[in-house]
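Down below is the structure, laid out as structure tokens.
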Amino acid sequence: MVSKTWICGFISIITVVQALSCEKHDVLKKYQVGKFSSLTSTERDTPPSTTIEKWWINVCEEHTVEPPEDCKKNDMLCGLTDVILPGKDAITTQIIDFDKNIGFNVEETESALTLTLKGATWGANSFDAKLEFQCNDNMKQDELTSHTWADKSIQLTLKGPSGCLKSKDDDKKNGDGDNGKDGDNEGKKPAKKAGGTLWFTWLFLYALLFTLIYLMVVSFLNTRGGSFQDFRAEFIQRSTQFLTSLPEFCREVVSRILGRSTAQRGGYSAV
């Protein structure tokens, strides 16, 4: 019995942590519920008064917005009941709230995304709430289509964008999936140029290193048995000769290549 209670408590703690961020929840992160909050109200004639029920819903911490008066800042769901008598100001008679530190369950079906909040304390009683989000892409805000409050259970049905899956554009912004293939290909084109430049740089460095090693080896062989000063003088002399002869060597190579090309073109012209 003790172990079962401990396990249930541990699961509840994990659930509480996940409840704070929809983007970290495997199911909620697929939906637009993290983008919206809603404040809906219904009005009933209760002679001699008028009763107004308000419901504030802000499931995800990603959407930061101030709640209405009498609701707490960390409420996921808050219900207010106001009673208005003729000629008098409204009186708030009921406040029930479900904050982000309570347990929850998430269920997705073909018709709706359902979020069940568990164990909100209201006086001496404990209540659960079931929020059903139905998708409607044509609506800019969620609207409350039905609500019931009975037997320590509250059920609200909302229709609007919160119950809709995120679009491909949202996935591209978040870097999810393979939807950004075109953008990736465009980003790879400059990488090819950078790769060619990098290859040439490495080739130049290898050639420079090979030349340096060659000059050092030749200088060492020519001054073997001598002092370091002899080696240094030999190395400087050979390096200087190499640098001074390099331009002439390059010109000779270029002239030979161009001369061969000219000879080939001349041969073709003669034919």
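In case you wondered, yes, glycine gets a Cβ from its N, Cα and C as well.
As annotated by Swiss-Prot, signal peptide applies to 1-19, with the evidence given as sequence analysis.
Taken from Swiss-Prot, the feature domain 'MRH' applies to 20-166, supported by sequence analysis.
Taken from Swiss-Prot, the feature disulfide bond applies to Cys22-Cys60 (among others). In the three-state DSSP reading, Cys60 (disulfide bond) counts as coil.
Taken from Swiss-Prot, the feature disulfide bond covers Cys71-Cys78 (among others). Listed in sequence order, the residues of the same chain lying 6 or more apart from Cys71 (disulfide bond) and placing their CB within less than 8 Å of its CB are Trp56, Cys78, Leu80, Ile95, Asp97.
Annotated disulfide bond per Swiss-Prot: Cys135-Cys164 (among others), in sequence order. If you draw a 10 Å sphere around the CB of Cys164 (disulfide bond), it holds 18 other CB atoms from the protein chains shown. Reduced to three states, the DSSP call for Cys164 (disulfide bond) is coil.
What Swiss-Prot records for 161-190 is region 'Disordered'.
Per Swiss-Prot, transmembrane segment is recorded for 198-218, and the stated evidence type is sequence analysis.
In the predicted structure, the topological domain 'Cytoplasmic' (219-271) carries a mean pLDDT of 73. Annotation comment: Swiss-Prot describes 219-271 as topological domain 'Cytoplasmic'.
Of all the disulfide-bonded residues listed (Cys60, Cys78, Cys135), Cys135 has the fewest other CB atoms within 10 A of its CB. Residues 235, 238-239, 242 of the same chain sit 6 or more residues outside the transmembrane segment (198-218) yet have a Cβ under 8 Å from a Cβ within it.
Shown in sequence order, Leu28, Lys29, Tyr31, Val33, Gly34, Val59, Cys60, Glu61, Glu62 are the residues of the chain, 6+ apart in sequence, with a C-beta less than 8 angstroms from the C-beta of Cys22 (disulfide bond).
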